[in-house]
Each structure stands twice: as C-alpha cells, then as structure tokens.
Amino acid sequence: MLPANLSGGLRGRDKKGDKIEFKGIGTLMALIVQKFGGTSVGSTDKIKNVAERVLRQQRQGHQMVVVLSAMSGQTDKLLGMAADMQAMPDPREMDMLLSTGEQVTIALFAMAVKAAGSDAISLLGDQVHIHTDAMHTKARIKEIDTELVHKHLDAGKVVVIAGFQGVDDDGDITTLGRGGSDTTAVALAAALKADACEIFTDVEGVYTTDPNICAQARKINMITYDEMLELASLGAKVLEIRSVGLAKRYKVPLHVRSTFSENEGTWVVEEEKIMESMLVSGITYNKNEARITITKVPDQPGIASKIFQPISDAGILVDMIIQNTRQGHMTDMTFTVMRTDYARTMEMVQKIAEDIEAESVTGDESIVKVSIVGVGMRNHSGIASTMFRIMSGEGINIMMISTSEIKVSCVIEEKYTELAVRALHSAFELDKENPPRVEQQ
Ligand code: ADP
Ligand code: ASP
Ligand code: MG
C-alpha cells in the first residue's frame with residue numbers, strides 16, 4: 001500500500017483506460033514501471049524469481065513495464081575487456097559494447113515469463129525509440145515514443161525494456177552513464193504517465209547512510225525529491241542522479257525497494273507531501289574525488305578563467321574550488337575533480353601552471369567528500385558547526401568545505417571515511433527511531 005497521504009495524489013486506470021483516483025497500487029488496474037538492478041538479475045534463478053514477482057502483479061490486473069540492468073558485474077567486465085583493446089576506447093564502440101549486457105537480461109527475462117505460461121516481449125532502447133543526444137557513454141534522453149509499448153501492453157504482454165541505452169539521430173546506440181537504468185525507468189514512467197515507478201535493488205530502500213558501511217543505518221520511509229537529488233549527487237548510488245531530476249520534473253512517484261522482500265521501501269515525493277522533515281536525513285560519502293592544488297598563482301584578473309576554461313572545455317567537471325588569501329601578489333588555488341578525470345586534469349594543469357608562471361602543482365587522490373543532507377537545515381543554524389565539531393572530536397582534519405541550503409560537505413582523508421560517516425550518523429541521532437525533526441514551514 002502507498003502511504004495514506006500519497007494515495008490521493010496517485011491515479012489508477014479503469015478497464016477502459018480512463019484515469020480515475022484510487023488508493024494504492026493494490027486496488028485497480030494501474031500501469032506500473034518496475035526496474036530491477038544488476039544484483040536482482042544476477043543469475044538465471046534470480047531472473048526467474050523476478051519474472052514470477054512481476055507476473056503476480058500482472059495477474060492482479062496491472063499493466064507491467066519492466067526495465068532491466070545487466071547482470072551484476074557484467075558492465076565492469078565489458079569495461080575491462082575494452083581496456084584490453086585500446087587505452088582510450090572510441091566512445092561509439094564503447095556504447096556498442098556496454099549496451100550488450102542489458103540485451104542478455106531482457107531476453108532471458110522474456111523467456112522466463114513465457115516459460116511461466118504468460119506472454120512478454122523484450123525490446124532494446126532503439127526499438128522503443130529512446131532518442132538521446134550523441135554524447136556517447138553519457139547520453140541524455142530527449143524523447144520516447146510510447147506507441148509500441150502501449151500496443152504490447154494492450155495485448156496483455158509484459159513489456160521488458162533494456163535499461164541504460166538509447167539511440168541518437170544517426171541511429172547509433174548510446175548509453176546513459178553508470179547506473180543509467182534508473183533513468184530509463186523514470187523516463188519511461190513519465191512518458192507512459194505510469195501510476196508509479198518502482199526501483200528494485202539489493203537493499204530495502206533509501207537509508208540514512210550506506211547500509212553497507214554503517215550497520216546502524218535506517219531505512220527512510222519518505223524523502224523529498226530535493227533531498228534525494230543531493231544524496232544522489234553526493235554519493236548515495238542507490239538512485240542515479242538524473243533519474244531523480246526527471247522524477248521531480250515530471251512528478252513521477254518513485255518507490256525504492258528490495259527485490260528480495262515484500263516490505264515497503266522508500267517513497268521519493270514532493271516536499272508538500274511530507275508534514276515533518278528530519279533535521280538531517282542522510283549522510284553520504286563520495287570516494288570518486290581528487291584534489292589538485294596550484295601554489296603561488298599570480299593574483300590578478302583573468303587567472304581563474306585561464307585555469308578553469310581549458311578544463312571545462314575538455315568536459316571535465318570541477319566540483320569545489322578554494323582560493324587562499326593573498327600573500328604578496330600570489331595566491332594558492334585548490335579544487336577537486338572526479339578521480340576518473342584526475343590524470344587528465346593533472347596533465348592539463350601542469351601545462352597551465354607553466355604558462356601562468358605558478359610555482360608548483362600538487363595533487364591527492366586519497367580523499368573523500370563526506371556530506372550531511374536535510375531540508376530541515378534551511379531553518380536551523382548550527383548544523384554545520386556540529387559537523388565540524390564531530391570531525392575534530394575524532395581527530396579528522398577537514399581540507400575543504402562547501403555548503404548549500406540543504407547540505408554541508410567536507411573533504412577529508414579517505415582513510416577516515418567509515419569513522420566520519422559513523423560518527424556523524426550517531427551525532428545526528430540517525431540511528432534512533434525518532435531522530436530530531438522539524439515541522440515543514
Ligand atoms: P542496483 O544494481 O540495484 O542499481 P546499486 O548498487 O546501484 O544497485 O545501488 C544499491 C546500493 O547503493 C546498495 O547496495 C548500497 O550499498 C548503496 N547505497 C549507498 N548509499 C545508500 C543509501 N543512502 N541508501 C541505500 N543504499 C545506499
Ligand atoms: N549496467 C549499467 C551499469 O552497471 C547500468 C545500470 O545497471 O543501471 O552501470
Ligand atoms: Mg544502480
């Protein structure tokens with residue numbers, strides 16, 4: 001069942017297809033998009049179990065669209081094979097390769113449904129016309145044509161769609177970036193005007209922090225799109241960030257839950273649907289970070305642009321930037337990039353430093369960004385200072401800080417990741433049944 005205050009906002013379909021109000025997925029015919037991640041379809045037995053689960057819901061009268069990831073580990077395996085072929089593989093060929101993982105699972109899934117005596121059809125991104133731009137390996141969905149999907153649903157089939165892939169204007173296969181099957185599912189749910197989008201994974205929902213590194217982590221029942229956006233962008237990989245952005249834009253009710261239990265998971269909803277919010281709702285960490293410092297940079301107009309323009313032109317995202325106070329006519333500049341872009345950025349920055357006559361360039365790949373997130377922070381002061389106090393109490397040095405309305409992030413040494421996450425989790429009482437809450441304004 002849906003939480004009571006959500007049910008009014010969701011709609012079901014009657015048998016003629018007209019939309020009518022209903023209370024929860026269980027009662028009337030609904031169109032449901034369900035996405036199963038890599039561990040959920042990691043073996044043929046698991047695929048059979050998932051197919052049975054989907055069929056149980058279809059037998060209750062619902063129209064079922066299933067989006068699948070590749071089997072767990074498969075995309076990494078394909079990336080490894082590509083690395084054996086070419087140092088920097090051609091992105092078009094990379095997408096040709098990476099998209100194969102999902103083709104395997106959707107075909108096996110359709111076979112499992114048929115073996116159970118029902119009907120299904122597997123479809124690739126190209127066949128469903130998931131149109132994307134041409135940015136291979138990180139393409140964005142522009143449009144989805146839903147006609148074919150509706151046709152098969154109306155014929156009573158389970159429609160099984162390959163996640164993570166699309167097709168560009170030239171007819172070339174594209175992929176959406178790691179974790180992109182979440183985005184496929186939400187985009188399809190929005191295009192099909194589905195009644196709900198359920199993301200099935202290997203944990204029971206969205207937790208106060210990664211349950212795999214903090215045993216005290218607790219499942220969150222409801223969270224706002226904005227909080228989830230921050231959590232996803234700051235390292236909580238349970239939902240891919242673009243999927244959350246799309247869900248927010250198209251008001252797709254998202255339900256994150258476990259493939260391996262029947263328990264209710266986490267609903268990601270609009271802020272108005274939540275009466276009370278937690279002061280801090282989650283702690284994240286992101287190890288895909290690296291720091292670069294340029295020392296003794298001449299402190300004059302135009303320098304920041306000389307450093308950061310070429311980096312941005314190369315498609316490298318710079319996250320935090322700190323410029324130290326001036327010493328004479330010199331200053332130090334420190335910034336972070338994704339660790340996967342570190343080597344490339346270092347090479348560029350060393351050349352830039354020579355051009356602008358800076359003294360030296362140093363870097364560090366063993367850092368982590370730890371963040372606290374919560375809409376409750378908007379109306380409460382002192383949250384950031386509590387975070388700094390906890391870090392200092394554990395003897396952890398903070399190298400960089402950044403804040404926004406609903407988050408505070410600190411860069412620290414990577415070796416302190418678990419210690420920092422656990423200490424913050426307990427300091428903000430996220431391990432308690434009733435952590436501090438604030439009423440929504
Ligand atoms: P899938 O293959 O199903 O897409 P992912 O591995 O992408 O699954 O995401 C699920 C994983 O996300 C969990 O196993 C967990 O380790 C990790 N995770 C990180 N932060 C969180 C969090 N706040 N809540 C739940 N899971 C989290
Ligand atoms: N198979 C892809 C990945 O591992 C997409 C996904 O699972 O969402 O990143
Ligand atoms: Mg994922």
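Each residue, glycine too, has its Cβ placed from N, Cα and C.
What TrEMBL says about a protein is an automatic prediction, not a curated fact.
On a predicted model such as this, the values are computed, not experimentally measured, just so you know.
Per TrEMBL, ATP binding site is recorded for K35, F36, G37, G38, T201, D202, Y207, K237, V238. Residues annotated as substrate binding site in TrEMBL: T75, E102. As annotated by TrEMBL, domain 'ACT' applies to 292-366, 372-441.
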Which whole-number value in Å describes the distance between the Cα atoms of Y207 (ATP binding site) and T75 (substrate binding site)? 25
Sorry to bug you, but what's the C-alpha spacing from T75 (substrate binding site) to V238 (ATP binding site), rounded to the closest Å? 17
Can you tell me how far the Cα of T75 (substrate binding site) sits from the Cα of T201 (ATP binding site), in Å? 17
10 Å Cβ neighbour count around T201 (ATP binding site)? 24
Out of K35, G37, T75, E102, Y207, V238, which binding-site residues have CB atoms lying under 6 Å from ligand 3? G37
Those binding-site residues among K35, T75, E102 lining ligand 1, judged by a Cβ under 6 Å from any of its atoms, are none
Greatest CA-CA distance (Å) over the residues K35, F36, G37, G38, T201, D202, Y207, K237, V238 that the record ties to ATP? 19
For the domain 'ACT' (292-366), give the DSSP counts of helix residues, strand residues and coil residues. 28 helix, 28 strand, 19 coil
Cβ neighbour count within 10 Å of K35 (ATP binding site): 27
Rounded to a whole angstrom, what is the C-alpha distance between T201 (ATP binding site) and E102 (substrate binding site)? 16
What DSSP reports for the domain 'ACT' (372-441) is 30 helix, 17 strand, 23 coil
Quick one: Cα separation, K35 (ATP binding site) versus E102 (substrate binding site), in Å? 12
Candidates near ligand 2 among the binding-site residues K35, T201, Y207, V238, judged by a Cβ under 6 angstroms: none
Suppose we draw a 10 Å sphere around the Cβ of V238 (ATP binding site). How many other Cβ atoms does it contain, all chains included? 21
